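The annotation region 'Pyrophosphorylase' is assigned in Swiss-Prot to 1-228 on the grounds of sequence analysis. Annotation source Swiss-Prot lists UDP-N-acetyl-alpha-D-glucosamine binding site at 8-11, K22, Q72, 77-78, G139, E154, N169, N226, R331, K349, Y364, N375, citing sequence analysis. Under the heading Mg(2+) binding site, Swiss-Prot lists D102, N226. What Swiss-Prot lists as region 'Linker' is 229-249, and the listing cites sequence analysis. For 250-460, the entry in Swiss-Prot reads region 'N-acetyltransferase'. The active site, proton acceptor annotation in Swiss-Prot covers H361. As annotated by Swiss-Prot, acetyl-CoA binding site applies to N384, Y385, A421, R438.
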Amino acid sequence: MKNYALVLAAGKGTRMKSDIPKVAFPILRKPMIEYIVENIEKSSVEEIYLVLGYKREVVEGIVKDRAKYVYQEEQLGTGHAAMMAAPVLSKLDGNTFIMPGDVPLIWYKSIDRMFAVHEDNGNDFTIVTAHYEDPEGYGRIVRNEQGVIQRIVEEKDANDFEKEIKEVNTGIYIVNNKKFFSLLKNLNNNNAKGEYYITDMVELMKKDYKIGSYMIKNNSLAMGVNDLYAISKAEKYLREYINKDHMLNGVSMINPETITIGHNVIIEPGVTINPNTTITGDTVIKAGAIVGPNTEIHNSRIDSHVVVRHSLVYDSIVREGTTVGPFAHLRDHADIGTHNRIGNFVEVKKSSTGHNTKASHLAYIGDSVVGESVNFGCGSVTVNYDGKLKHKTEIGDNVFIGCNTNLIAPIKIGDNVFIAAGSTVTKDIPDNGFAIARSRQVTKEDYSKYLISPKPKKEE
């Protein structure tokens with residue numbers, strides 16, 4: 001028998017107080033629905049169906065062709081959402097895993113365990129439950145003396161005895177397709193909200209079909225994310241889980257509670273990460289690197305024995321033995337060579353540098369190809385923008401660029417060139433050249449009195 005998944009993801013998420021669909025909200029910079037789809041893909045599920053409604057094109061843009069879609073134009077409850085998929089799933093032999101789209105921490109191994117319990121016990125309808133010492137806000141699982149589930153009662157409808165029940169409904173189910181979906185049409189909406197609820201299927205199925213349960217051991221995996229506070233709780237859980245995994249694999253973290261590592265980040269053993277550091281995207285950090293404190297790295301590669309402190313690195317490569325920062329900014333496919341020094345308040349954009357090149361402070365390198373052993377003096381700028389277009393700067397090997405130098409692109413600087421401080425260079429410089437492009441200094445002795453008013457003397 002095949003396994004299917006049905007994710008109920010049509011809601012707006014009004015408690016998020018945003019126009020973004022709830023399931024598209026980022027958790028550690030990745031949309032909520034991504035976590036769900038990725039884990040379902042890793043499980044034994046063969047086909048995923050998403051029920052979409054509010055701003056469905058946003059969710060489709062995230063998931064693309066990894067799922068099939070059905071649409072719920074009006075959001076009339078979980079049962080109504082499942083009805084939208086019934087014409088398809090009722091015809092398919094097998095079982096379906098049904099879950100809300102706002103439970104991003106569900107794990108693929110848990111999904112497979114749910115299927116196993118469902119099949120091993122011959123269940124037609126398996127309700128995934130959890131045990132909470134404080135179950136406030138959750139629907140309670142009501143069982144008879146034999147332990148068989150009789151109904152699920154929402155807290156607002158529960159009596160005093162039922163409110164004391166600590167086993168709750170997670171909103172996650174495994175169902176036999178033909179039996180469950182054929183009965184959905186019998187659901188009614190005789191309730192205060194006029195909505196259809198999957199929980200009412202217990203009443204429809206308990207007489208003729210087998211209802212069972214699976215109690216999830218880690219309640220966090222079934223945590224619903226309905227507001228921004230819940231997003232912070234989900235991020236905290238994921239942060240602790242991810243950081244622990246890296247530390248057990250040999251990554252040193254100082255104050256790990258202040259460090260955020262994305263799901264796709266690869267960090268080799270022997271890396272040290274200092275406080276207040278965020279590493280996301282498809283980033284790779286190699287052994288011996290030291291990152292942070294106060295550093296952001298996204299979609300980048302940090303090679304062995306690189307040090308990045310108090311800096312931003314986006315979509316870039318930093319090669320072996322280089323130091324970056326403090327307060328440097330690498331972006332837009334910067335490729336920093338081996339044993340470079342990119343110092344404080346230096347920005348490198350869409351540029352590459354060769355071995356042993358240094359820009360120690362207050363420099364901008366943009367749209368440039370820079371050779372080996374180049375020294376950028378303080379205040380050096382590659383002037384790449386003419387007001388309409390960006391232009392390229394090419395700098396050879398063994399070039400000395402004096403302080404406060406402007407290189408007006410497009411321009412080529414040859415090998416073994418020396419550029420005097422304070423120059424504005426507008427023409428190419430050949431190999432072994434010396435360039436000075438500034439006005440000659442004129443000094444007039446005893447002349448400042450004509451320009452500066454004398455300060456009055458203080459009275460003794």
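Here the Cβ of each residue, glycine as well, is placed from N, Cα and C on the backbone.
On a predicted model such as this, the values are computed, not experimentally measured, just so you know.
If you take the Cα of D102 (Mg(2+) binding site) and the Cα of G139 (UDP-N-acetyl-alpha-D-glucosamine binding site), they are about 17 angstrom apart, rounded to a whole number.
Inclusion criterion for the binding-site residues L8, A10, K22, G139, N384, R438: a C-alpha placed within 10 angstroms of the C-alpha of N226 (Mg(2+) binding site); this criterion is met by K22. Of the listed binding-site residues, namely Y364, Y385, the sparsest Cβ surroundings within 10 Å are found at Y385.
For the pair A10 (UDP-N-acetyl-alpha-D-glucosamine binding site) and Y385 (acetyl-CoA binding site), the Cα-Cα distance reads 46 Å. Within 10 Å of the C-beta of A421 (acetyl-CoA binding site) there are 16 other C-beta atoms, taking all protein chains into account. H361 (active site, proton acceptor) sits 15 Å from A421 (acetyl-CoA binding site), counting Cα to Cα. Annotation for G77 (UDP-N-acetyl-alpha-D-glucosamine binding site): spatial neighbours N189, K193, E195, Y196, Y197, criterion Cβ-Cβ under 8 Å with sequence separation of six or more. Here A421 (acetyl-CoA binding site) is compared against the binding-site residues L8, G139, N169, R331, and the shortest C-alpha distance is to R331. Distance noted between the C-alpha atoms of R331 (UDP-N-acetyl-alpha-D-glucosamine binding site) and N384 (acetyl-CoA binding site) is 15 Å. A mean pLDDT of 94 is what the model gives for the region 'Pyrophosphorylase' (1-228).
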